[in-house]
């Protein structure tokens, strides 16, 4: 029976890949206290075990899924990447660039001091800096060095060995350094720093909180009297007349029936309108214009919740308090703000700024939501359709451009097709955020491209390197773990100090910026726990977008430096 299973897996390598994915995700999700290996490491280790069966897998499988993953990475971080370069995220973006260079430089020195070759060096970098995607570009770069096939194959099999050895401390060490050593290095009380920053962001909050400023807190029904001040007016005229403070017509009863209406609908004697607005507006203004009546059916105003994507340039960088004063913000309830490819939840405070690409979860009536969407961006309504014309052509174009070779000092330099797809992904993600009429990739599809794309690549790497993994681990020895730990620790020990003294980043955001520069969501989660606040997340998104791109590209650069 066992022999038949092994033979079947060898004859159908696609089954071995899915077996590796299934078991790998399960292993990666197992938790020990608050720590888990994560899907990538779980899939890699499972792949190594499955690979002991000596299963041949086509390299084309690895290439297809990796380029899909890189495009998705770029697409997801594109809006934050551009914002970091072009707006008030500049200091954080520059900080991320410096930390990425520091990570590259420290790792290069560690590889040289440890006496490791290109394969172990590339894997050490990817594991120590917890950037799995770098392995793919390192693989591409080694394949283009013109080495004998046997030598190139040996180097490629070393990459996952070094990655697996160094990733454990890369993840756990980063979180421990930032969450526990970070506040001591900065000499701050982290919870107090976050409370102070939150107080600053809460300045100007209206009574009842910022949520109430975005919510029509009362609705009442009024009858239009013959010859009264509303008789003969259109709905648009009524709302214009009551624009400051704003009151909105929600529903209309004419001839005893609830009817649909437009801004041009004329109100007449006997009509009953349901209007919404702040309590003071209704009591102080509407009661002077019409007679309040009891109409429970009319006041049963249906609400819905939608996600709005910020795309309008006029909104970019404005605070919630500022936007709450706009007429279009009335009648809706702001429930959640999500930012970046990592899906970071942003605190809802008076001085919280909104940026292009942010996603707001809001609820209200259809009329109010349509009005708000027209001013902020567009409604991201549920859909399972991906614009595959856009995705396919963008990946193909990026791959072609990335394959262009430029000789530098006699050395052929190229982004590779994978690197080109990453860059086009950045452009595509940014274009989608400002021109939402094309290029849609629903969140579940983007997750699949990100997670399954990367982990299928990792599964093939693990299966292919399985037969030589143990031998490679023995040859590298404990030195690989030691130098990997050094490459992890040194940049993260220096990063908080650089953020404080050179870039003058607020203490409450400092460690979040450091976690973003390491692209480690887990570490910022540990910082949040230590801070007893989500404020550090405000510093995460811009550095994450910049570093996710640069650290991935460093996989190629590391090979060129070590060649």
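Including glycine, each Cβ sits where the backbone N, Cα and C put it.
TrEMBL: automatically predicted annotations, no manual curation.
The transmembrane segment annotation in TrEMBL covers 12-28 (among others). Away from its own ends, the transmembrane segment (12-28) comes close to residues 36-47, 50, 53, 55-58, 61, 452, 455-456, 458-460, 462-463 of its chain (Cβ-Cβ under 8 Å, at least six residues beyond either end).
The transmembrane segment annotation in TrEMBL covers 34-51 (among others). Tertiary neighbourhood of the transmembrane segment (34-51): same-chain residues 9, 16, 19-21, 23-28, 132, 160, 163-164, 167-168, 171-172, 451, 454-455, 458-467, 469, 522, 526, selected by CB-CB distance under 8 Å and a gap of 6+ residues from either end.
TrEMBL lists 63-81 (among others) with the feature transmembrane segment.
Taken from TrEMBL, the feature transmembrane segment covers 93-111 (among others). Away from its own ends, the transmembrane segment (93-111) comes close to residues 84-85, 120-121, 124-125, 128-129, 483-484, 486-487, 490-491, 494-495, 498-499, 502-503, 505, 513-514, 516-518, 542-544, 546-547, 550-551, 554, 557-558, 561-562 of its chain (Cβ-Cβ under 8 Å, at least six residues beyond either end).
For 118-139 (among others), the entry in TrEMBL reads transmembrane segment.
Counting residues 6+ beyond its ends, the transmembrane segment (159-182) has Cβ neighbours under 8 Å at 35, 37-38, 40-41, 44-45, 48, 116, 119-124, 126-130, 132, 135, 138-139, 190, 458, 461-462, 465, 469, 472-473, 476, 480-481, 484-485, 487-489, 492-493, 496, 510-511, 514-515, 518, 520, 522-527, 529-530 in the same chain. According to TrEMBL, the feature transmembrane segment maps to 159-182 (among others).
Among the features that TrEMBL reports, domain 'RCK C-terminal' is placed at 291-378.
Residues or ranges marked as transmembrane segment by TrEMBL: 388-405 (among others). If you look at the transmembrane segment (388-405), the same-chain residues 6 or more away from its ends with a CB under 8 A from one of its CBs are 67-68, 71, 412-425, 427-428, 438-441.
What TrEMBL records for 452-470 (among others) is transmembrane segment.
Residues annotated as transmembrane segment in TrEMBL: 476-499 (among others).
Among the features that TrEMBL reports, transmembrane segment is placed at 542-562 (among others).
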Quiz item: Any residues 6+ beyond the ends of the transmembrane segment (452-470) with a Cβ under 8 Å from its own?
Solution: 13, 16-17, 20-21, 24-25, 39-40, 43-55, 57, 59, 61-62, 65-66, 68-69, 72, 132-133, 135-136, 139, 154, 156-157, 159-161
Self-check item: Interface-richest range of 118-139, 476-499, 542-562 toward the transmembrane segment (63-81), CB pairs under 8 Å
Solution: 542-562
Quiz item: Per DSSP, what is the residue count of the domain 'RCK C-terminal' (291-378) in each of helix, strand and coil?
Solution: 23 helix, 30 strand, 35 coil
